Amino acid sequence: MAFAETNPATSSLPNGDCGRPRTRPGGNRVTVVLGAQWGDEGKGKVVDLLAQDADIVCRCQGGNNAGHTVVVDSVEYDFHLLPSGIINPNVTAFIGNGVVIHLPGLFEEAEKNVQKGKGLEGWEKRLIISDRAHIVFDFHQAADGIQEQQRQEQAGKNLGTTKKGIGPVYSSKAARSGLRMCDLVSDFGGFSERFKVLANQYKSIYPTLEIDIEGELQKLKGYMERIKPMVRDGVYFLYEALHGPPKKILVEGANAALLDIDFGTYPFVTSSNCTVGGVCTGLGMPPQNVGEVYGVVKAYTTRVGIGAFPTEQDNEIGELLQTRGREFGVTTGRKRRCGWLDLVLLKYAHMINGFTALALTKLDILDMFTEIKVGVAYKLDGEIIPHFPANQEVLNKVEVQYKTLPGWNTDISNARTFKELPINAQNYVRFIEDELQIPVKWIGVGKSRESMIQLF
C-alpha cells in the first residue's frame with residue numbers, strides 16, 4: 001500500500017507534525033435501514049429486499065420488543081429478535097452487543113418460524129451473537145409489567161411498553177448490574193452467583209415479584225448449552241468482516257427515530273438508540289464504515305401507544321387509514337393510531353440520521369382519498385416554529401400547517417414502475433422528495449416483494 005508523503009516542515013499543526021502518514025481507514029461499508037417515524041414503517045420489507053444478496057445482516061439495538069413481518073413464497077414470517085435477513089439461507093445473521101436478548105423468546109421465535117415454512121431451516125448454524133450483548137431475564141419482563149401498573153395508578157397513564165423487559169434490562173445495563181452472554185457461556189458458577197444477587201435486588205424493589213431462582217438457573221443452563229456455539233467476540237467478528245474480502249453487510253434498525261431514547265418523544269420512547277449512532281455503539285464499529293443510510297417512511301403516519309402525535313386524525317380519516325392499512329402492532333396486537341404524513345418530523349429524523357435515500361411504503365393505502373394532506377410546518381401561538389419540540393407538552397400544543405395535494409382515487413397495487421403510477425401519486429412522491437431534499441429509492445404499493453418499485 002502506498003502512503004501519501006507528509007512533510008513535517010510544512011505542517012499546519014502548532015507543534016509540527018509527527019511525520020506519520022495519515023490515511024482514511026478503508027474496509028467494507030455497511031448499509032443501514034432505519035425507521036424514520038414511530039416504527040411499523042415496513043423496515044422488514046426493505047431489509048428483505050436488500051438481504052437477498054447480502055452476506056451479513058445485523059441487529060444493533062433493541063430486543064424482542066421490535067416486530068418485523070416478511071412475506072416469502074406466500075408465507076408470512078414474524079421476527080422480533082432475530083434479524084429478518086436470516087430468512088436468506090446464504091446470510092450470516094449477527095446480533096450485536098447493543099441488543100438485549102431474552103433467550104426463551106429467541107428460541108420460541110425461531111421455532112414458530114421454522115414451523116411456518118422452509119425459510120428458517122438451519123438457522124442455528126448461521127446466527128452469531130455478540131458475547132457483550134446483555135440478557136433479558138423473566139424477572140425483567142415481570143418488573144416491566146409492575147412498573148406499567150404503578151405508572152397507571154400513580155399518574156393515570158402508562159408508557160405503553162411491550163412488557164418485554166426492555167426498560168428494566170437497559171436499566172440494569174446502565175446500573176452495571178446486568179449480565180451478558182459472555183458471563184453465561186464462560187463460567188456458569190460465577191454467572192449463577194451474580195444472577196442471584198440481581199434477582200434478589202429486584203425482589204427487594206418489587207415485593208410482589210415472585211422469582212424461582214433455582215428453577216430459572218436450571219432453565220438458563222439448558223439455554224446456555226444451546227446458545228454457546230453461536231456466541232462470539234462480536235467486535236473481532238465484525239472487524240474481520242469489514243476488513244476482509246468485499247462483503248455486503250446490512251444493518252437492520254429496530255424501532256425508529258422518534259422512539260430513540262435521546263431524540264425520540266421522551267418519555268414515550270424505547271430504551272435504546274435507534275438512530276444511526278446506535279449502529280456504531282451497538283455493533284462496535286467506527287462511523288467511517290457506515291455507507292448508505294436508508295430511512296423507511298410510511299406514506300402516512302402511525303403510532304402505537306400514547307404520546308404526542310401532531311398529525312393524528314382521530315376521525316373517519318384515521319379510521320380509514322387504520323382499516324385499510326391493517327394497522328395493528330406485530331408485537332402487541334394493539335391498534336395503531338393513524339394520521340397524515342408529517343414532514344416536520346421527517347426533517348428532524350433526517351438531521352439526526354443523514355438519510356442518503358428513502359423507502360416510501362404503503363402508498364397504496366392512500367388510494368381511496370380524493371385529497372391528501374401533508375404536515376409541512378408547526379405553529380405555536382400563531383408563529384411557525386423552526387424546530388421539532390423536545391418537550392411533550394409543547395409538542396401536544398402545536399398546530400400543524402398542512403399542504404393539501406390531490407389524491408389519485410384509483411388502485412395502484414399492480415404498478416411495477418414509477419411511470420405506471422397515476423400522475424397525482426407521482427406528484428405526491430416528488431413533493432416529499434422536494435420538501436425533504438432526499439431522493440426516494442423505493443415505493444411500496446403492496447405486501448409482496450414484487451410490489452416494491454425501485455426508482456434508481
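Each Cβ is built from the backbone N, Cα and C atoms, and glycine gets one as well.
Computed from a predicted structure; not experimentally measured.
What Swiss-Prot says about this one:
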REGION    1-26  region 'Disordered'
BINDING   39-45, 67-69, R336, 362-364, 444-447  GTP binding site
ACT_SITE  D40  active site, proton acceptor
BINDING   D40, E41, G42, K43, N65, A66, G67, H68, T162, R176, N255, T270, R334  IMP binding site
BINDING   D40, G67  Mg(2+) binding site
BINDING   D40, V330, T331, T332, G333, R334, K335, R336  substrate binding site
ACT_SITE  H68  active site, proton donor
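Here the features listed in Swiss-Prot are placed on the structure.
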| residue | record | DSSP (3 states) |
| --- | --- | --- |
| G39 | GTP binding site | coil |
| K45 | GTP binding site | helix |
| N65 | IMP binding site | coil |
| K335 | substrate binding site | strand |
| V445 | GTP binding site | coil |
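Of all the recorded positions in the list N65, H68, N255, T332, R336, the shortest Cα-Cα distance to G39 (GTP binding site) is found for N255.
In the three-state DSSP scheme, L363 (GTP binding site) falls into the helix class. It is 15 Å from the Cα atom of G42 (GTP binding site) to that of N65 (IMP binding site). Sorted by the number of other CB atoms within 10 A, the binding-site residues T69, N255 start with T69, the lowest. Non-local neighbourhood of V445 (GTP binding site): L363, D364, I412, S413, N414, A415, L421, S451, M452, I453, each in the same chain, at least six residues away, with C-beta under 8 Å from its C-beta.
A gap of 8 Å separates the Cα atoms of the residue listed as 'active site, proton acceptor' and N255 (IMP binding site). Within 10 Å of the C-beta of V330 (substrate binding site) we count 16 further C-beta atoms, all protein chains included. Spanning the residues D40, E41, G42, K43, N65, A66, G67, H68, T162, R176, N255, T270, R334 that the record associates with binding IMP, the maximal Cα-Cα distance equals 34 Å. Across the structure, N65 (IMP binding site) and T332 (substrate binding site) are spaced 9 Å apart at their Cα atoms. In this structure, T332 is the one among the binding-site residues N65, T162, T332 with the smallest number of other Cβ atoms inside 10 Å of its Cβ. The recorded positions near T332 (substrate binding site), taking a 10 angstroms Cα-Cα threshold over the set K45, G67, H68, T69, N255, are G67.
V330 (substrate binding site) falls outside any helix or strand according to DSSP and counts as coil. A straight line from the CA of N255 (IMP binding site) to the CA of K45 (GTP binding site) spans 14 Å. Summary for the binding-site residues G67, G333: the Cβ-based neighbour count within 10 Å is maximal at G67.
Checking Cα-Cα distances from T69 (GTP binding site) against the binding-site residues (T162, V330, R334) with a 10 Å cut-off leaves V330, in sequence order.
Cβ packing within 10 Å was compared across the binding-site residues G39, G42, and the lowest neighbour count falls to G42.
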